[in-house]
There are 2 protein chains.
Amino acid sequence: MTVTTPAGFRAAGVPAGLKSTGAKDVALVVNDGPRFDSASVFTSNRCKANPILWSQEVVKDGVVRAVVLNSGGANCYTGAEGFQTTHAVAERVADRLGIGAIDVVVCSTGLIGLANPRQNLLDGVDAAYDALSATGGEEAAQAIMTTDSVHKQVVVEGAGWSIGGMAKGAGMLAPQLATMLVVLTTDAVVEAADLDRALRAATRVSFDRLDSDGCMSTNDTVTVMASGASGITPTLDDFTDGLTQACTDLAMQLLKDAEGADHEIAITVVNAASEDDAVEVGRSVARSNLFKAAVFGKDPNWGRVLASMGTTQAAFDPADLDVAMNGVWVCRASTPAEDPAGVDLTPREVSVTIDLKSGDERATVWTNDLTHAYVHENSAYSS
Amino acid sequence: MTVTTPAGFRAAGVPAGLKSTGAKDVALVVNDGPRFDSASVFTSNRCKANPILWSQEVVKDGVVRAVVLNSGGANCYTGAEGFQTTHAVAERVADRLGIGAIDVVVCSTGLIGLANPRQNLLDGVDAAYDALSATGGEEAAQAIMTTDSVHKQVVVEGAGWSIGGMAKGAGMLAPQLATMLVVLTTDAVVEAADLDRALRAATRVSFDRLDSDGCMSTNDTVTVMASGASGITPTLDDFTDGLTQACTDLAMQLLKDAEGADHEIAITVVNAASEDDAVEVGRSVARSNLFKAAVFGKDPNWGRVLASMGTTQAAFDPADLDVAMNGVWVCRASTPAEDPAGVDLTPREVSVTIDLKSGDERATVWTNDLTHAYVHENSAYSS
């Protein structure tokens, strides 16, 4: 059930002393081919960490042969020295594998503004290389955890091919990715250009619609590598469907593990004039601290839903909006309708449905509630 | 020190049974002239409450003779019935004063999605009319409180003229106003068009730069009335300066009374290419839950400042940003500089200075920290 489930991949996760706990903190995922197609998406934050600056160059030719990841330090806002550390790590991986450093994606996560100890990282790469195994995916997934309470993996089976994936992330999940590292593998034969199309389609409706706290990280990376080891070439539609399923599964695992959350909230906007409108409206509600605090308090406060929507430019009539919470239409035509007392917000899963009555498009955005524990974790944890 | 300090105004605040506590909940501020110039700004939220829909029409001709306000119910998302309640209240004020309803601004605040009891409101108007007095400003200020812990007033003295003001608001303070009612009075002679210019200039750098929790209310109104009773016509610059001083004073009172906050945070962006850029960057930081939770935890987390800035389109080099907290330059050229341990976040007042090195413009945006108490109040209080 890991990145090593598809044929052609080896992985490892080892402790390198970056985490003070002594837990695993360096992961390596290697594509042994025969093909080395790849695609990646990165955070859209303009203040990018050094590993992003490096990896953006690596992925340009559509060839990636290995991804090396570390937790215990984000290598962000660490200047030229930090960039050299990233470069040195890629070089070390390349040396051991006998490949070029320009085919090695580097990902880092953890505290920002602190230099990563270079020697620990290089020693960690050596140890990870020595530990590489066709069953090492699970250990790699463990090595990238930070505040995650569980490691996150997925496998999607196609007809003679498969997709494996691992992810790291808890809280700080925002649009266009955020403090999230994802590595996906497949043994299908997929050309780099098609991988790129499939990955963008998959992330657009999964990770990009996760908005845990509106904050956007500096280190987020999603990379997919295709080994072609199955010898099977799925249709692009089939592959995109599988990749979307894998990304959505991982996104839901990230959502459920958001720091300090009590509820997972799915905001579905229907009958929008455009999908963009639906996403904009869903996002505005997902970012309302007042609405999120109300859900924590088990208060089906649809007024805060409408107040958030009013800040958007989406097409709708402010006087003719319907809102349901957990299936109870508490608001019709922007006025009170069914009794909110009928909305049970005890279960973790909450659904909000918003009818814009302006078209045929729809989208779902996911978020969490705003809790005491969120404030506690994010005031106590320096990152 | 109230809206009745300038000559030509009477006011009152009375209990009308809208608040279950029996506290004052209807306020009336009347301009007795000789002039009736006015200007107003309203929430930019598209989902507007009924009093806003009414008052937007009232203010169009630049003449306002009275403002009637109630707490205990926002009359928002209450449909046609709610609009009729607003209209009936304006008519009752007009009847008692012998003026036209179209010169009566109506403001409401409190729970949304619930009908305001019309008879209570009308009885409240009668009682407020009977209680009108040239010293009634303070009682009016008390009658508009909701979760406010103190009532908020200001007086600014000019050369032979003055400005008085009262405000209601605590939390939910966002750009372009939010859950905030403000009435300003002056006995200066100021034509309506000049009042409008002065008010927009004043609110642009005061209320509009307050961003307590990123949420924007449905009922916000700032109205200024000029009686001309002093007979003195100040220069527009002098009057604008005085009005800006009054609005800034009230804005700081609102900031300090934000629900559950432990810190007032002033984010000053300097050397920006434009004032808009400075405001955009300041706002992005003010809206970062992660940054605000860090301040609550007394953690001078400048990495979260840079990560927020990276989400903006403002002109700057992401690799060359300086950040100071309480005067300590913890970040220079986007890398660690002075020791963050030197930043004492124990006092309530926190300053963040961000140097964009891209021009000569600057702006300050104010916000609060994100605390356990914020979550508590906003999960327990239905609004």
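Quick reminder: no glycine exception, Cβ is built from N, Cα and C everywhere.
Summarising the annotation, TrEMBL assigns substrate binding site to B:Thr146, B:Lys168, B:Thr179, B:Glu259, B:Asn378, B:Ser383. In the three-state DSSP reading, B:Lys168 (substrate binding site) counts as strand.
Sequence annotations record features per position, and here TrEMBL assigns active site, nucleophile to B:Thr179. The Cβ neighbour count for B:Thr179 (substrate binding site), using a 10 Å radius over every protein chain in view, is 29.
In the shown protein chains, 29 other C-beta atoms lie within 10 A of the C-beta of B:Asn378 (substrate binding site).
For B:Thr146 (substrate binding site), the Cβ neighbour count at a 10 Å cut-off comes to 21, with all displayed protein chains included. With every protein chain in view, the residue among the binding-site residues B:Lys168, B:Glu259 whose Cβ has the most Cβ partners within 10 Å turns out to be B:Lys168.
Those binding-site residues from B:Thr146, B:Lys168, B:Thr179, B:Glu259 lying by chain A, with Cβ under 8 Å from one of its Cβ atoms: none. The secondary structure of B:Asn378 (substrate binding site), as reduced to three states from DSSP, is helical.
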